[in-house]
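Taken verbatim from TrEMBL:
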- 168-201: repeat 'TPR' (REPEAT)
């Protein structure tokens with residue numbers, strides 16, 4: 001059954017995976033693996049609360065499973081339960097000190113709450129497991145960015161982005177590192193990559209338009225604003241005003 005569920009997940013057939021996993025749970029309710037796979041299937045189906053319930057059921061059966069605690073932490077993060085997620089990550093590393101991803105996730109949470117010393121400590125701990133890992137370069141880069149160390153931040157985030165070009169969080173941070181150095185064209189490119197990876201990003205599209213405007217490329221700025229209007233919820237009065245200002249600056253008001 002596990003192989004069938006895995007195949008369904010790989011072909012993005014979440015409904016099939018959930019149906020198979022529910023059938024497996026019914027046939028073996030005391031097996032933690034059945035609840036784990038149901039949780040994974042529900043997560044892919046876009047139901048994090050139900051997925052979390054399944055993972056927590058699995059944890060009642062195998063409470064010392066560090067991987068399950070890490071899965072639980074990821075679901076809590078998706079639900080913006082940051083304090084509970086941090087606790088779950090601490091439990092993960094207490095059970096298994098070699099859980100690299102848990103340290104990285106905790107470091108990002110520390111950055112988010114402004115505890116840069118703790119983020120750096122967690123990065124150093126994770127570096128014992130994977131020195132020079134690009135995710136750690138990204139964490140360290142964001143810490144330096146928050147501390148106003150623009151050159152160091154840009155160096156670290158550039159190295160991270162070279163290895164993780166499809167990570168929107170890394171590219172977003174890189175964009176701000178370029179902004180801090182007033183390298184507007186490079187910042188624009190980094191943010192455009194974020195939009196490619198996460199097409200909605202309405203506010204970021206508008207910011208990209210403003211970067212083009214700031215560089216005197218008004219045609220590009222107005223074209224970017226058309227991308228804003230095409231997004232669900234993007235055709236807002238504030239966005240129309242911004243586009244109007246660009247048109248006036250370009251000398252072609254409606």
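Using N, Cα and C of the backbone, Cβ positions are placed for all residues, glycine too.
Any TrEMBL annotation is an automated prediction that lacks curation.
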DSSP-derived helix, strand and coil totals, residue by residue, for the repeat 'TPR' (168-201): 27 helix, 0 strand, 7 coil
Outside the repeat 'TPR' (168-201), six or more residues from its ends: residues with CB under 8 Å to it: 108, 134, 138, 141-142, 145, 148, 150-151, 153-154, 157-158, 160-161, 207-208, 211-212, 214-215, 231-232
Taken over the repeat 'TPR' (168-201), the model's mean pLDDT: 95
